[in-house]
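Worksheet for the structure shown next.
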Amino acid sequence: MSPSSRFRNLVSVDSSSQDFGKRSSLYASLLDSASVSSLPGICSTAEDRDVEDESWKDPSSSSHCAKTEGGACAFPRLNQVLSSLRDPMGVFSRAKRRRSLGKAVGLSTSVICVVALFGIVCLCLYGLVNFSFTSVETSPLDDPRNSPVMGELGNPQASTPSSARADTPARHDRQNQMFSPWSVQNEQFLGEDSDALPHAGPLFRSGVMVMPLRKMKSLRRIGWDKNTITVPDLQAHLVAALRMQEGLSKKDDGNLSGLSDGDDISIHDYMNSQYYTEIYVGSPGQKVRVVVDTGSSDLWVCSASCGILLNILHKTYNHGKSDTYHADGTPYHVQYASGPVGGFLSADDVALASLKTKNFLLAEAVDLKGLGTAFFFGKFDGILGMGFPSLATKGLKPFMQAAVEQNVVKNWVFVFYLASANGVDGELAIGGVDQERFIGDINFSPVVDFRYWMINTKGLKSDGDLIAPTTKMIIDSGTSLIVGPLDEVKRIATMMGAFSVPLMPEGMFFISCEKAKVLRDLQLEIEGQDYPIKIKDLLISASAAAGTPCLFGMMGLKALEGGRPTPQKNGFGIFPPSQLVASAKGPIGRTWILGDLFMRNVYTVFDYDNKQIGFARLKN
């Protein structure tokens, strides 16, 4: 074999695999052109080596050939050339693999992060939803004998005996008719109730259960709470209206017309507050916050079936977690000023503090879009109607009626005390009156319409002069302001310097906050007694900025003028008179509605047993 042939066989390592040779034409050309003469210092076996060439014996020679295990030798220079061809390809291949691996790792990391984030979100949602369902545990603090008034725990003799309380002379003849204090049997029922409210339980004064109340944005804004106006800058709009009213700047009149797109300002942002308390539904009890509303008679709560978002924002009722739930399924629908509420009926235990009714038929609300943002972002989860049975939806009854029928409470009597005290915004007394909250006698007036808590009065007065001749008044805890016939409210507003603002609903008025402070209080005469409507309560701040007028706390409605109701303008829209009061059944005639602005200045007693409403002066 010639040296050239042996060289080809030598350098063609892994000749059975010609992949690399096929990939590199430079490598093939090197093999084809290789010869002994052109590549000096090529090594060979000893027998074929030229004896005259002794350079291979010199280890220091640059062309020295090192023997391999198979008897072949490696040529350093050629190996360097071949390495220079192989290495770049290896580098490129490794870089590509690294990039692919990096992409795979990055994608895997992203997927893991997304899955982990989704799991965390689901866990949070699950926790929030389940946080809404608070079990009721027995608490010794709720035992009525633990009250400072009724004696120490374990010493029932320390409380005033029932017989002694029954013999206590009444402060008023009508008080004798309505108040039969709690009996020993009632006290034992309350003390043995295994579902008594923990920590937020009631305070018992003279045998009367007193529940705390909290304030929130009003639910019923007399048909205006869902309607909005579009004003680029509402504050500037109101300031300009006040200036124009006072004649300070006529050029600002241009700001009151030709308004374009801007922020939607809901009218209810300027309403005062409404009051709510807590009830427990089911066994174990699930806490729900409800507005105590004398203008309606149903009890409805937000159902757990109303959607994930409302389950997060509200405390909902899940009948699947109640051991005392009984299905009914009858469709439910009620109309409020802002829109309808829909759902279905269910039966379960309902507890207001320690007063628990069994198998009470209530409504689970699942369609609450009609209430708009007033409910969506509100602090309440339902409505506890305290109105007359005739106002209730067919098949339902007021909570107080069920409580009396089940002997949970002896008297169908409840009382509102809306002055702040003891760190709360008000109190709701059940079953009687709290002698610590008022002075003098309770002045009663008979109810004249058994659909609403409506009484006859002598009308509104100012300095002894009659300024509103309408005498019928509805006492409604579900209304924040004082609402009356549009013509009478306009006359009173003009007399007091209040003014209307373009684009605002008809019947809504504003007034200078500073100038109105010098006005005198109004009076409402009921059964020969005058009760105040304070000017400071009629001034509702619309903005903290200087120069912004206050909302006047009286609103006018055509629907309250009597006769045939007609639609009323509301900024850009019109709302029908049917959206006046929740569940309105038939016309109510020429009437005023006295809301929280009036009730906060008096101790208000609702006595269904004797069909009367009582008023007393606040103690403090």
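Heads up, the Cβ atoms here are built off N, Cα and C, so glycines get one too.
If you go by Swiss-Prot, Cys550 shares a disulfide bond with Cys513, out of Cys306, Cys513. If you average pLDDT over the region 'Important for proper cellular trafficking' (27-31) in this model, you get 37. Take the CB of Cys550 (disulfide bond) and look out to 10 A: across all protein chains shown you find 23 other CB atoms. Long-range Cβ proximity for Cys513 (disulfide bond), meaning a same-chain Cβ under 8 A and a gap of 6 or more residues, is found for Leu539, Ser541, Thr548, Pro549, Cys550.
Secondary structure at Cys513 (disulfide bond), taken from DSSP and collapsed to helix, strand or coil, is coil.
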